[in-house]
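**Q** Relevant sequence annotations retrieved from Swiss-Prot are reproduced here:
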- G17, M18, S19, G20, A21, G22, K23, T24: ATP binding site (BINDING)
- D68, L69, R70, S71: GTP binding site (BINDING)
Amino acid sequence: MGQNGTVQPTQLVIITGMSGAGKTVAIQSFEDLGFFCVDNLPPTLLPKFLELVKESGNKMNKVALVMDLRSRDFFDHLFVALDELAEQEWIVPQILFLDAQDSTLVARYKETRRTHPLAPNEPPLEGIRLERQLLEEIKGRAQIIYDTTGLKPRELREKIVRQFSVHAQSGFTVNVMSFGFKYGIPIDADLVFDVRFLPNPYYIEHMRPKTGLDDEVSSYVLKWGETQKFLEKLLDLLAFMLPYYQREGKSQLVIAIGCTGGQHRSVALAEYIARHFSADYKTVVSHRDMERRKEAHR
């Protein structure tokens with residue numbers, strides 16, 4: 001029930017994505033959040049399953065399902081079911097797509113000594129490439145995309161809890177992420193901004209081991225005229241764009257701010273941007289690569 005006594009729509013999260021990207025950790029995290037969870041539900045059974053959910057009388061008002069390419073009839077039945085769900089008022093479906101860079105997925109397969117389900121007799125990379133092609137359409141329909149490259153299982157759980165816990169369910173989220181271009185562009189980013197043109201604290205020796213979270217580094221990055229002019233233009237652009245992204249029904253917008261190593265400039269600016277919009281939007285800030293460079297100086 002809602003605060004005014006009305007019945008709240010059932011929340012349905014369909015978890016899918018690349019094999020090895022973290023679907024098992026994800027479904028366990030949703031179970032911890034009180035979701036009714038089903039792993040590897042065949043798409044042909046989705047309509048019947050949802051009938052049972054509806055007949056439960058809101059007793060199953062939070063449902064998470066893992067659906068992947070282990071079911072060969074994945075696409076035809078899933079897309080039909082999703083189109084039908086879009087017309088239903090009693091349920092709010094979301095697709096959570098888990099992805100990771102190919103090199104990360106290969107490393108995970110080697111670590112677990114498992115074969116890829118789509119190419120059991122081939123090197124993992126062959127199966128990964130095939131799966132990525134087959135999943136392209138469902139990824140395009142996903143409301144939420146998580147890049148689990150570099151994420152530990154605990155960090156993925158924390159990410160899910162932040163977004164899907166009861167206290168986090170207030171709609172549109174602005175996710176501001178810093179990263180280093182030398183480690184690759186985040187594959188879950190909606191908008192990417194390059195701040196490598198700004199003065200770099202890395203070349204000041206005593207600042208090199210610090211990060212953009214340190215006041216001295218942040219002040220250095222923000223003091224320059226070009227930084228202030230860039231922020232003025234960027235914040236104005238984002239203030240214009242965010243309401244339109246929200247109107248399109250996106251549950252989150254990932255804004256990625258990149259510098260060379262993801263330790264100084266991008267961190268300071270990501271923090272600044274997140275603070276700026278926190279009064280009007282639910283904001284989350286994360287620093288994908290900050291610890292990589294920091295640990296190198298220990």
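Glycine is treated like the rest: Cβ placed from N, Cα and C.
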**Q** Which residues does G20 (ATP binding site) neighbour through Cβ under 8 Å, counting only same-chain ones at least six apart?
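**A** Looking at Cβ-Cβ distances below 8 Å from G20 (ATP binding site), excluding near sequence neighbours, one finds A100, L105, R108, Y109, I128.
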**Q** Among the binding-site residues listed here, M18, L69, which has the most company in the form of other Cβ atoms within 10 Å of its Cβ?
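**A** By the 10 Å Cβ neighbour count, M18 comes out on top.
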**Q** Through the lens of DSSP with three states only, how would you label D68 (GTP binding site)?
**A** coil
**Q** For the recorded ATP site, whose residues are G17, M18, S19, G20, A21, G22, K23, T24, find every other residue on that chain with a C-beta no more than 8 angstroms from the centre of their C-beta atoms, and list them by sequence position.
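**A** So the additional residues around the site are A26, D68, L98, A100, L105, T148.
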**Q** Out of the binding-site residues listed (G17, G22, K23, T24), which are within 10 Å of L69 (GTP binding site), Cα to Cα?
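**A** Among G17, G22, K23, T24, the ones whose Cα sits within 10 Å of that of L69 (GTP binding site) are G17.
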**Q** Provide the three-state secondary structure of G22 (ATP binding site) computed with DSSP.
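**A** The three-state answer is coil.
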